[in-house]
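Note sheet for the following structure.
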C-alpha cells in the first residue's frame, strides 16, 4: 500500500467523494482522467505503472473505505478481527493436493500442502495428486470431513478470542464499503463483459477522443503456437522473438495488444491477421480493435481483481459487503445480478479476465455459508445456459465457470437444498437431454454416427455434476425431497429410455461390413452413468417408499419401450413332455442391442426390494411377465456367446469391442452383472423347464438338443461353442450368488471373492488388483479392508514390485468358472490351479466350491439343477462324448457339464444333510441314474463310459470325483456309510499305476533338466572364457602350466616365483606366461591374444565424467586450444572432469567388428528415430551381445613376457640409486633436447642450467641411460596398430570435445589420462562398496581395465617419440622443479596418480635412438618404475601434509614412524615459514597415511594391470584390518612399510627438493587460505540425501520459486541428484543457450554439473530422468515406493510414498559405475520411440 505522502490528496479526495451527492459520478470523473494516463497512453515500465496505480488510484480508494489513513484503519481492524476458520487457498495447476481416504466425505475434499502437514490426516490413509487448477482447500469446512476438519492453523479452538465468524464492522465503514464495492463492481463488470462495438458511457468518455487504438489478438485452441507466430510475423512486422513473446503471453493471459496506432492501421493489421491465419486453419484468429481508453479501463479492472481480494481478506465484514453487492438483485429487476452477469459472459471472456472473476468468487461467496447458498441458487438458475456456453467455448474446463460446480454440488446440505428448491437433478439431466437431442433418431433413441468428439466429451463432463449431487445420500427424507427426487428420477429414466436398445446391430451375412459403426460414444455414456446408476439405486434403497415408487416407475417405462420388438406370433415348443409358449426371435438374424439400461436398473431395484423386504408390498407381483423381462438381457448374453463363437466375424472389430467392454471391469457392474441378475430373477419365478427351454431357444440350440445332427462342419463347430457358452451361463445363473440380496453376503464378501479369483490366476501387485476390481463413486475398491484376510504380501527386491499371493485356506473358494474371468484369465487360472494341485500331490479335479445359500426370494433357482430339461441337456452332451466323434463335442463342453453335475450333487448333499429325506424335493441323483437307463444312456452310466475316452484324460480326476459324489449322495439317501461302496475302491490299482507313471515322468524331466543345465554351463563357459581373472591364472594349480612355454627348470626358481608378490623394483614378480585364447562373439571362432596376430578387441564406451569431482558445477571451459590451461598434461587435483573408458567385456576380431559396425551404420540409417538411441556420427553402436552402448573398441594386448635376471638386478641396484638415476635422466633429457633443439624452438635453454646441484658435479654421458639394459621394442601387427589409433582417437575426441585428429600431440596424454581416471573411478567404487581391492571386480571390469592399461602403455609406440619425450620432461618438472618450464604447476595443483601413470608410460621414450628403436629392459623398467613411484609418493605425501588442517587425536607410543613423521612435519613447517604446531608425530603419521591410501590403492591396481604380478593375499580380502592392508600395499609397491622412511633413505636428494616444493607461490597462497585446496583423502561423492517421506519433497517443490520468473504458472520443479540444485524444468522462463542452441534448465545444468550426464528427480511427476546429452534421455522409476512395494509415476495412484534405500543405492551405483548412458540406450531400445521427445528442452 502506498504511503500517505506520495499522494497528499488521497484523504481529501475520498472526503470529496463521500460528501458528493453522487459519489459514483465523482469517482468516475476521477477514474476517467487518471486511468488512461496511467495505463496504455504512454509507454511506461511495469514498475512505474504499479507505483502510479498504488498512489493515485488504490490509495484514495482505501482512504474512502476506511475514512482515514488506510494504515491506521487497518491496524484498528486487525485488533478487532480474528482469522478465518476456512483456508480457501485456490490451487494452481499442477499443485499437489491431499485427500484423506478415511475421513473425506468424498474424493473431491482436498487439503493444500501446508494444511495437510499440520492436520490429523497425515497419519491416515491419504492420497496425493496434482490439481488441475481452480479448486480450493477444504480445510475448516465441517461438511467436507468426518473428523479433523481443521488443521492446527485453522482450528477455531486454537484462536483464543474466537467468538464467531461474524466479525462486526462499524456500521459507517460497512456502508462505505458497500457503496464503494457497488460502484467499483458495476464498473468492473461493465468492462469485463465489454463488446467490441460498445462506446464508453458518458461519464467515462474522455474530453478529447484521441485516434489511438489497439489491435488485440485473443487466444483460441484451434491455432498452434507456430501458426500464431507465423501469422504475427507476416501481419504486424515483428521479428520472431517478439512474435514468440506475444504468443506466449496470449496463451497465458488470453489476449494481447499486438499493435498500437490509428484506427486505420489497426484495421489493416486486423485484416492481415485474419487472412493469414485463415490460410492455415479454417477459422481465423479472433482480433478486436479497442480504443486506448477502453483498453486502459480494462487493464485497470484486471488490477482491481487482486485489490478486491486483498481488501476482502482484511475482514469478514468487507467480505460480506462484497457478497451482498455482488448478489443483490438489479434495480430494474429483469437484469441478473452482477455475479450472474459475469457468469453468463464467462464463455466470451478471455483467460485473464476469467481468472480474476473465478478468484473473486472463491475468496468471497464460497467462503461464506449463506452467500454460498445464494450463489448456488443463482448458479443452478443459469446452469443450462452456462453449460451451453461451455460446449461452444474452446477453452479448457479448468478455466470455465462451470468448473465451480464441484465447490457447490458436493456440499451435502447445499445439494439437498438445491434438490428441494431448484430440483437440480431435473436441471442437470434436462441440460444433458437438451444438448443430446440432436443425436436422437426417429424411434427417439440415441444414434451417434458422425458425432463431434470434442463437443461430446464436454457434454459428458455434465454427468460429473450429477455425481456430485448424489455423492452423499440423505439420512432423513422430507416430503419435499421425496417429491423432487422422484421428479428428477423420472427425467433420468427419460434419458435412459433414449439409450434402451440404441445402436442395435444385425449380423452380417455374405460379405464383411463396409463401414465400422460408431460404438465408442454409447459406451462412454455408459461409463459416465455407471456410478450414477449405482448412486440412484443407493438413494432409493435408503427409503422403502421411494424404492417402491422408483421400481414401479422404472417398470412402467420399460413396458413402454419398443426396442427390437418381436415380429412373429407366439408358437409352442416341445421338449421332454414340456411345452413353452413364446414368440420366436433369433439373435443371429434379427437386430439386437447391447444397451439396456432400464432393464438393468429394474433388476438392481428388484434385488434391493428383496433385501429390504419391501418386495411384499408390490401391488401385484403376478403382473410382471418374467419371460418378457428376461428376454432382452438373455439376447445380450446370447450375442456375447455368438461373438465368442465367431458367428459375427463379418461385423468387424466394433462389435468385438462392445462385447469386451460389456464384460469388462469398467462396465460390467451395470451391464453384464445386471443381465445375469435379471436372468436369476426370471429363473426364480419361472418354471425351471420353461426357463431352460427359453435359454436353449435363444441360444438357437433347441433343435440340437432335440437330436438333429445333419449340419455342415462350420455349424457343428458353432454349435459346440454355443453349447459351451450355454452351459457356462447355466453354471453362472445357478452358482453366482455373491450379490447382497441374492444371498446373505456383504460387500466385503464380494470383494474378497473377487480378490481370491484374481490371485488364483497369478500373484499380483496391489495396483493390478485395484485395476481388476470395480471402483465405487469414491474411487474406492474396498481392497484394503479385505486383502489381509485372503492374501499374504511378499516384499519387492531392488527391482520389480511387491506381490500378493492367495492364502492356502482360501483356495477352497476357487471357482474355475468364475463369471468375471475373461477367456484368457479362465485358462490361466485353471492351469495355475492344476499345477498347484499336482505340486501338492492332489488330483487335478477342480471341484465347484460350495456357494452360499440363496435368499428365500431366489431359492427356487436351484430347481434348474433337478428339472427334466437339465437331465436332457446333460445326457445329450455326455452321449456325444461317449460316441467320441471328433467334431461333435469338445472337452470344454464336458468340463462344464461335469461342473454342473458337481453343483447339483453338492446342492443335493447339502439339502440331505440339513433335513430329512422326505422333505428334500431335490432329486438330481435319482433322475441322473433313472432317466434313460433302459438304453444304458442315463447320465450316471454315460459318465462311467466317458471315463475311458482317451481324449478326456485331463478330465479323468473330475469324472472320478463326480462318481464319488454320486456314491456319497446315494449313501446319504440310504442312510449308510459310503466306505462300503466298491466304486471308490476299484480305482486303487489304477491309481497306483498312475502314480508310478507320474514318478517315472518326473524322473525323466529331472534328468532332462540336469542335462540342459550342463549344456548351458558349457556354452556359457565357452562364451566367457576370456573373462578368467588373474586370480585364476595364479592359483598355482598343477594343470595351469601352460603348454609350449619355457618352464623354469630349477626348484629354487619356482619357489622365487611364488614368493615374489612385488610389482616393481628389483624384486618384482614375473608376468603371467599363460596363453589367452578367446572366442569372438560374432564369428564364434577362437584365437590366441598375441601382439603380432590379427587384433582382437573389446567393446568400450568413452565418456566424460564428473563422478570424482571435488568442485561440482565448475567445469574448466578452456579445452580445445590448449592456451591458458595445463590440462590434459596435468590433471588438477579437483578431478573436475575426467575421461572414463568402460567395457562390457565382450571380445571380437577387429575385422568382425569393422564389418558389424559398417552393417549397423548402413542398416540403422534407414530406421526411424534411430538417432535417439545411437549417435552414428560419433561412432556409437550397441554391443552385439549385451546391447550396451559403445563408441569405440580397445585392442587386447597380452602382458609383455620378460625373463627377469634377479642377480643382474641386484648388481645394477647398487649403482642406480635415486640421485644417480635423476642425474642420468637429466643428462638424457639435456642430450635429447640438444639433438632436437633446431626442431623445437620453444624450449628455454635456461631450463637445463642450475640443476647441477641436483645432478651431481660430473657431467653424465647422455647415453649412459642405455647402459643399464635395453631391448628391442615390442612389435605389433598392423591390425593392432590400427585399433590403437581407433581407440586413442575416440578417447581424445570425446575427452577434449574436439574434432578427431590422430596427429594431435595430446592424443597420448588423453590415453594416459583415461587410464588413470578409470582406475581412480574403479578404486572409488570398491572403497564405497567396502569391497577388497583385488578379486572383487566383475570379470568384465577387470578385462576392460587390463585392456585399457595395456592400450595406454602401447600408445607411445604409435606417437612421435619427440612429443612423448617433451611430455615426460614437462611432467617430471613437477617433481624436479629445476627441469620444469615457466608454467609448470606446483605441488597443490596436480593430481599425482595421473602424473604417476603419465611418467611410467612415457619414460620408455627416453631410450629412443636416432638409428635404432630401443626400449628399457625389464630390469631398467623395474628401477624406472621404482624411482618414479618413490618420488611421486613423497611429493604426494607432502601434498597431503600441506593441505591438512585437521589432525586426528591419536594416543600411542612413539615409534620410528611417528618420529620420522614429526621430523618431516618440522622441516616442512620450517620451509613454509609456519610456526611448528603442537601436533604429535603419531597424528601426523596417521593423517598422511590416511591421505595417501587411495593413491597407493590406485597405483597397486595400475601396476597389477601393467605387469600382471599377482598381489598379496591381504589385498584380496576385506577382513584384513586397514593397518594390514596398508602394509600389503607398501610391500606390493616396493615401498617401506613406514612410508616416512623414504624421506630418510633419500635425504640428500629430497632435502633440496623439499625446499623448492614448499617454496612455490601456489603453496604459500594455499597456506594463507587464498586459494581452495583439496583435502585428502578426497571426499567420496554420493547422490544427495533424499527425505524418507515423499510428501516432504513435494512440500519443498510447492515452495519453489523460479529464479527467473515472477508469474504463478505451473512449474516442474526438478531436483539434480548429483548436487541437490532445484531447477525449473520444461519452462520457457529458464531456457538458456548451449553451443548456440536453446536448451532447458536441466540440460544446461547437466552440462556443468555432470559433463553432459544428468540424473534428475522430477518431483511432481515422481520419476527420475536420466540424461546423456542434449538429444538423449530416458525416464527411470523413482526410488520411492508405496506400502505395497510399487513405484507411482506421475502420482497416478497417489498412495503415500517412502524412500527405498536399496533402490537409491542402485541408482548411486548406476552413476558411479558410469552406466547411465548404457541404461538410456537400453531403455530407448526397448521402448519403440515413434515421436522424439525434446530432451534438450527439459
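Note: Cβ is positioned from N, Cα and C throughout, glycine not excepted.
Curation does not apply to TrEMBL; its annotations are automatic.
Because the structure is a prediction, the values reported are computed rather than measured.
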For the record in TrEMBL, which of the ranges 777-800, 801-824, 825-848 is the region 'Disordered' one?
825-848
Could you tell me which of the ranges 890-918, 919-947, 948-976, 977-1005 is annotated in TrEMBL as region 'Disordered'?
977-1005
Sequence-remote contacts (6 or more beyond its ends) of the region 'Disordered' (825-848), Cβ cut-off under 8 Å?
731, 735, 757, 760-762, 811, 814-818, 899, 902-903, 906, 954, 957-958, 960-961
So how many of the residues in the region 'Disordered' (825-848) end up helix, strand or coil by DSSP?
15 helix, 0 strand, 9 coil
Residues in the zinc finger (85-156) grouped by DSSP into helix, strand and remaining coil:
12 helix, 15 strand, 45 coil
Would you mind giving the whole-number mean pLDDT across the zinc finger (85-156)?
85
